[in-house]
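Enquirer: Pulled these from TrEMBL:
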- 62-290: domain 'Pyruvate phosphate dikinase AMP/ATP-binding' (DOMAIN)
- 298-347: domain 'Pyruvate phosphate dikinase AMP/ATP-binding' (DOMAIN)
- 423-504: domain 'PEP-utilising enzyme mobile' (DOMAIN)
- 538-889: domain 'PEP-utilising enzyme C-terminal' (DOMAIN)
Ligand code: PEP
Ligand code: MG
């Protein structure tokens, strides 16, 4: 980071605005915005994030900073009519961190800068309150000692406790001025001893050191960890806000509070917040006394209350969103200390967006930007009954959503054993590792006492779609004794617990689970227009309608049977983008496939295929009927054949045992031979996909015949089948040409035999790098491409998904190699570049080439935006993700339109 000569490192609150968050941080930008709205903000200025970056990179603040701060401080002093630290009437300031993204509690703040042995006397006489002045001074030494000079905070706490004990009182408000004077002496001694220097008496030195401490707090371990977990870039730096102090602890006509412009849980308008009389902000956090509801302020100080209500309306109208606010009242004068667009629950996000549309504050396109697919997905999980009586055990990180109930087990072996006997279990560990995988699969949910959002438990649970709460630190997990302790409560193996992966809460006993009303709505069991319709459902309904109106991407489902297809249709699917036919070969049909693989002669093989044909045909008829009038992409058989054969070890043991008894079964011996022959070291890269179709004569032809006959039958029954045949794992156009020729011949035969014209289209998956790189050639033989981004991600990265996710992905995420698994969100730079290239090349050869994606990414919010941007025609995802994909496709289109017209 090089210093630019004309660079400005300090902005007065009157100079900034809310769009300057990169430079002034969230807090600084909003303080400036409020100042310029004419709201009562204590005057002050902001040191930019750029200054912080220079400091962090070079080890010292930019050369120009000192003079700039001096000039702004002088202006502040003249505005306030007093000087920083002036002995008879000191100006005091707070020094607060404020990064672009809120990092609650992560970084430092020092209040009451400017107090010294001399100016504390001046403050006492100005305020007419000696106790207040000495209390402010001891707070400064305590905060400064801890955050700036690195003194162990407990030393101050202990000294404060001793002072209270000596006076036989329990709360610090019972200490008088004389006690606090003594305490200041003790605190100064602690500083001198522990920091090896006296507490600085010079106000400017205090301020400069505090600014440096805030800069340094960007790189504390906890701040780094938080950023990694929240995916906040590590190079943003923090701004520093220097603000003249106002005091809420000057008597009963003073106080401090927090407020929301509407309820962050429901979105309802009203008076929401807390107020604490005669207190400073940190007292609210410390919970020394109980706060009162904000509405009570009306009776305490009507003038300030009315002013606050007016300001809240101003802020909401100005920000066009829910705002949260921190304020202080100093002797009847209201001051605004902070505002920002407030966090809200997923449900409130939808409600607030539609409420703001109704109020005329935002339009539909903006409403779409106020919600997200992640929030919608959260609303679709079953949840705990809010009305149920619960016993809260503790709270951890909401790592993977859902509501799970089960018996506590403390090791994977027990989890598997109990779940096999039909028990529902919750696996509780300090943290999980790859050895716990079986236990995690067997459990309803996973609970850990350590680790954050990128811990093994969190990553793997999210990948599996399992409920997970991690890092619940209050829980003392003792895996050896198979129990956990929370305060006085001991939870033994077998005790029932309930965990909420959407809130991170952990409960004792069984909490009843209710289905999500949003799913009930998508299923058609609840109507948004009904009189008793849930407010949330009505909001979701409206937002989905906006999304459907603007989106360009169509949304299809990955579904293999009529039941899934029908659900997908109810959820808004516009077709099937991937029917994996291998799912139709399992169960009882597995034996038929076995016969096909074992066939020695053409006759045997034909018999096996003929037995499969009618079954396949029946599957397709059902599917085409469920999706009548909409496109259905049927993929020919993809996975390695050995997946249809018995496990090699099990079968070897069976044969060996039989041989030792001298009653070896002829069929088993043949089977074992076949299993050996088909065994592969890397099945993912072996005999699968189109390769199977090319080496097993008649296999693809049988599937194509089943598809064509099913389509013909539907047509003859006056149906409207729109079938697309998809060839998997193609790497070169020649493979596709051979399969196509064979398929075309079969289709022509069926057309002739049934007297129908079928118009089946034939296309391919693009899931190998070579396919993407030669897309221009492949498009000559393909009427459509569907990007198989699961395999494309595996092959571009050289990752075997089944192996890597559970083994080293946690380490990769923790080291920041990627922020999110590339199997979850498309890797735009790598895999995405190939997709983009193949789209361009494919369309250059065949302008009407239909393009879609059917890997898991088709239902991932961020990836949907990418697919919109590269110009695909549709995304295809599991039925449950369809609403999310619809919403995100709408958001992507609205966002793109917004930026076009800007
Ligand atoms: C893919 O590879 O993205 C795909 C959809 O195919 P499968 O997951 O069945 O390999
Ligand atoms: Mg694939």
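Cβ coordinates are placed from backbone N, Cα and C, and glycine is handled just like the others.
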Enquirer: Give me the stretch from 62-290, 298-347, 423-504 with the greatest number of Cβ pairs under 8 Å to the domain 'PEP-utilising enzyme C-terminal' (538-889).
Expert: 423-504
Enquirer: Express the predicted model's confidence over the domain 'PEP-utilising enzyme mobile' (423-504) as a mean pLDDT, rounded to an integer.
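Expert: The answer is 90, the mean pLDDT of the model over that range.
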Enquirer: With DSSP as the reference, give the number of residues of the domain 'PEP-utilising enzyme mobile' (423-504) in helix, strand and coil.
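Expert: Here the numbers are 18 helix, 29 strand, 35 coil.
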Enquirer: Would you list the DSSP helix, strand and coil counts for the residues of the domain 'Pyruvate phosphate dikinase AMP/ATP-binding' (298-347)?
Expert: 23 helix, 17 strand, 10 coil
